[in-house]
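Report on the structure given below.
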Amino acid sequence: MNGRLRDHGSTLLVASLASGFGVLLLQVTGILGAVVLADDTTGSSATVKTMLDVVALVFVAIAVYVAAVTTANTVATIVAGRTRVIALLRLIGSSARTQRATIAREGLVVGLVGAVLGALVGTAAAWGIGAVGVATEQIPAFEYSYWTPVLLVPMVAVVLTTWLSAWTGSRRVLAVRPAEALGSSGEQSAEELGRRTGRTATGVTLIVLGVLALAGGVLVGLVHPAGVLVGVVGGILSFTGVVLVADRIMPAVLRAVGRWFGTTPPARLAAENAVRNPERSTRMTIGLVIGVTLVTMFAVTMETYRDAMYAVMEGQENVEAMLGPVIDGTVAVFSVLVGFSALIAAVGLVNTLSVSVLQRTREIGLLRALGFDRRQVRVMILAEAAALTVAATLTGLVLGFVYGWAGAQAMLGSMTGEPALLAPAVPWVVLAIIVVAAAALTALASLAPARRAGRVSPVVALAVE
Amino acid sequence: MQITPSDLGLIARAVGLTKRYGSAANPVTALDDVSLGLRRGEFTAIMGPSGSGKSTLMHLLAGLDQATSGQVWLGDTDITELPDAALTVLRRRRIGFVFQSFNLVPTLDVEANILLPFELDGRKPSGIERAWIDELVDALGLRARLRHRPHELSGGQQQRVAIARALATKPDLLFADEPTGNLDSRTGREVLALLADAAKTHGQSIAMVTHDPVAASFADRILYLSDGRIVRDSVRSTPEEISSYMLAMEAAA
Ligand SMILES: Nc1ncnc2c1ncn2[C@@H]1O[C@H](COP(=O)(O)OP(=O)(O)OP(=O)(O)O)[C@@H](O)[C@H]1O
Ligand SMILES: [Mg+2]
């Protein structure tokens with residue numbers, strides 16, 4: 001039982017992070033509302049407060065979604081590791097449904113604990129921020145109860161999605177045959193691909209529609225800034241489509257990235273390992289893709305906007321001094337808010353890689369017996385982590401650039417009065433931060449598993465458990 | 001002048017080999033002062049009841065584990081104190097392994113599994129080696145399977161791939177730990193015949209751990225282990241002779 005709960009450590013962290021982030025964001029919004037209310041002269045603060053809440057909830061939704069994908073993946077990985085035990089229990093008569101319900105129930109408990117834990121930490125952090133703000137006289141003293149019903153939204157969402165993700169992630173339990181307790185199951189055959197065609201069809205439809213809308217937005221944007229609204233619809237549709245067909249895209253990207261690493265045995269095995277379970281690799285990377293796409297998109301749009309403004313207002317004094325900090329600030333705030341989802345995805349990636357390396361102890365022992373030296377084993381794990389983060393980052397950058405440019409073009413194409421094409425501007429600072437973060441994530445994700453893998457003795461390959 | 005193991009026609013030699021597991025207060029002696037020599041070109045079986053120390057002996061002879069005391073040579077190389085990196089290269093170039101199960105890298109196809117030892121050595125097989133691998137692939141009936149992944153093969157086919165890989169580099173010594181343990185008796189006999197043939201026709205030295213009298217009957221020489229000691233060293237025997245000796249050994253215990 002102890003082992004079972006330890007399995008869920010990473011899920012608990014993910015649930016707490018999502019709930020904590022959501023509650024913190026809403027509490028800070030609440031404080032801002034209270035501050036505005038304190039010197040309300042126009043009576044419009046209620047509207048402002050509602051708008052802030054809506055914006056906050058969008059970010060919360062992104063975080064909760066990424067957390068859900070991450071949790072489903074973590075649970076699926078745990079289930080893969082428990083296959084023998086599950087099969088044994090099936091062999092002695094336990095039904096697959098019972099087994100799956102147990103895992104879902106574990107998810108519910110973890111979700112509940114995570115939601116409450118996150119809410120407490122998030123509220124404490126918001127209180128701290130408010131207190132510091134008042135103490136440093138950034139904001140006036142305010143009246144705020146630290147409780148609004150809207151706080152329940154992220155908490156309930158976290159509980160429900162964790163529960164649901166545990167249920168989804170444990171789907172493989174149904175496929176475990178009792179015989180697997182007996183067989184020396186070295187490797188599962190690739191997961192069934194058939195059932196996913198429906199999802200792919202929906203995804204492709206959404207992408208086609210979305211790209212059409214995106215193109216329409218760009219065209220309309222040549223004559224009127226309202227084109228951006230059409231573009232946003234296209235962006236949401238097509239990106240949802242991309243997420244739906246990610247299980248077809250990511251393995252291909254991973255394969256291509258894996259080829260860059262060369263043909264030495266560690267590099268080749270790492271490339272294979274990164275796609276040996278396409279479903280798992282997709283879920284490991286998609287959260288990062290979402291985060292990188294959104295951050296890049298926003299930064300590209302804002303950077304293009306900055307270039308356009310400077311170009312239009314050329315010669316006017318102060319425009320850089322006035323506009324610059326506003327744009328920088330907006331990009332920074334947005335990046336932090338979206339970057340949090342990427343952090344949640346990163347937790348999942350670190351954990352999944354670590355667990356999947358543990359599950360491969362025997363295979364690593366075999367490689368050691370056959371003549372892989374310790375360094376080659378470590379390089380193999382490092383390259384696998386690198387393939388995952390590089391593939392996710394690259395995909396996100398490409399998508400982000402396309403969306404960011406389309407958005408800026410749709411918004412600003414008619415700015416000068418006549419239709420104009422804009423060159424996408426490159427947000428170098430944000431790019432550099434993304435690359436550094438990806439490198440850090442690779443190192444973090446592979447450090448412990450690589451060290452552990454390097455210590456695996458070749459004797460374990462010979463042991464029959 | 002010192003007489004080297006290879007002067008004696010030995011491919012591997014152990015002197016006073018002892019391996020203890022567990023704490024000093026409560027030690028388990030898996031191997032107790034074992035000395036032996038494996039002859040070049042010979043198919044040697046290491047027999048003994050469960051827990052007698054067969055696997056432990058093989059791990060030490062193959063440089064997979066450190067002995068508590070004693071010395072091991074592979075050819076003329078004293079491997080007792082070799083550092084991990086040197087042992088790794090030794091395993092790559094001079095030793096072949098066939099295990100009971102989980103022999104193959106699941107993400108590589110049959111051909112890549114067979115060629116893995118060469119790749120680890122950072123080289124392509126030479127023309128002669130290529131021809132030898134082709135010969136092995138045909139002899140083991142793997143030609144049609146080269147593009148398959150291990151999970152698409154039966155247990156017997158997987159073992160044959162493992163044998164092809166182990167023989168491909170013409171290692172000084174091939175170790176097999178219960179290579180037929182997971183196979184039905186007919187498939188098992190086929191695999192054993194392949195090993196025996198490699199020794200007979202190609203002079204391949206083989207050390208095979210088993211507790212199956214039928215498997216041991218394929219060997220040129222049989223070493224019997226009991227409680228971590230070698231209790232008998234016999235020439236080729238029939239399965240009946242081997243089982244009756246094993247039964248006598250168990251009765252004495
Ligand atoms: N890692 C270990 N830690 C503690 N004791 C061990 C370890 N490995 C082996 N032993 C003990 O050493 C003894 C010899 O084990 P070994 O695996 O060599 O036996 P074996 O002859 O191969 O048996 P089997 O036929 O069951 O494979 C046994 O008593 C075993 O319990
Ligand atoms: Mg054994």
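Placement of Cβ uses the backbone N, Cα and C atoms for every residue, glycine included.
Heads up, TrEMBL stuff is auto-annotated, nobody curated it.
Mean pLDDT of the predicted structure over the domain 'ABC3 transporter permease C-terminal' (A:58-173): 87. Annotation comment: TrEMBL describes A:58-173 (among others) as domain 'ABC3 transporter permease C-terminal'.
Feature annotation from TrEMBL assigns domain 'ABC3 transporter permease C-terminal' to A:336-458 (among others).
Note on the transmembrane segment (A:54-80): residues 7-8, 10-11, 14-15, 17-18, 21-22, 25-26, 29, 86, 103, 107, 150, 153-154, 157-158, 161-162, 164-166, 168-173, 188, 277, 279-280, 283-284, 286-287, 290-291, 294, 337-338, 340-342, 344-345, 347-348, 351-352, 355-356, 359 of its chain, located 6 or more positions outside it, place their CB under 8 angstroms from a CB of the stretch. For A:54-80 (among others), the entry in TrEMBL reads transmembrane segment.
Taken from TrEMBL, the feature transmembrane segment applies to A:107-134 (among others).
The annotation transmembrane segment is assigned in TrEMBL to A:146-167 (among others).
Counting residues 6+ beyond its ends, the transmembrane segment (A:203-222) has Cβ neighbours under 8 Å at 228-245, 403, 406, 409-414, 419-420 in the same chain. The transmembrane segment annotation in TrEMBL covers A:203-222 (among others).
Annotation source TrEMBL lists transmembrane segment at A:228-246 (among others).
Taking Cβ pairs closer than 8 Å, the transmembrane segment (A:286-305) reaches residues 62, 65-66, 69-70, 235, 239, 243, 246, 250, 327, 330-331, 334-335, 338-339, 341-342, 344-346, 348-349, 389, 392-393, 395-397, 399-401, 403-405, 407-409, 411-412, 422-427, 430-431, 434, 441 in its own chain, all 6 or more past its ends. Marked as transmembrane segment by TrEMBL: A:286-305 (among others).
What TrEMBL records for A:332-358 (among others) is transmembrane segment. Among residues of the same chain six or more beyond the transmembrane segment (A:332-358), those with a C-beta under 8 A of the stretch's C-beta atoms are 9-10, 13-14, 17-18, 21, 25, 59, 62-63, 65-67, 69-71, 73-74, 77-78, 81, 277, 280, 283-288, 290-292, 294-295, 298-299, 364, 381, 384-385, 388-389, 430, 433, 437, 441, 444-446, 448-449, 452-453.
The annotation transmembrane segment is assigned in TrEMBL to A:379-405 (among others).
Taken from TrEMBL, the feature transmembrane segment applies to A:425-448 (among others).
For the transmembrane segment (A:228-246), the residues of the chain that approach it from at least six positions outside its boundaries are 199-200, 202-218, 220-221, 282, 285-286, 289-290, 293, 297, 399, 403, 406-407, 410-411, judged by C-beta separation under 8 angstroms.
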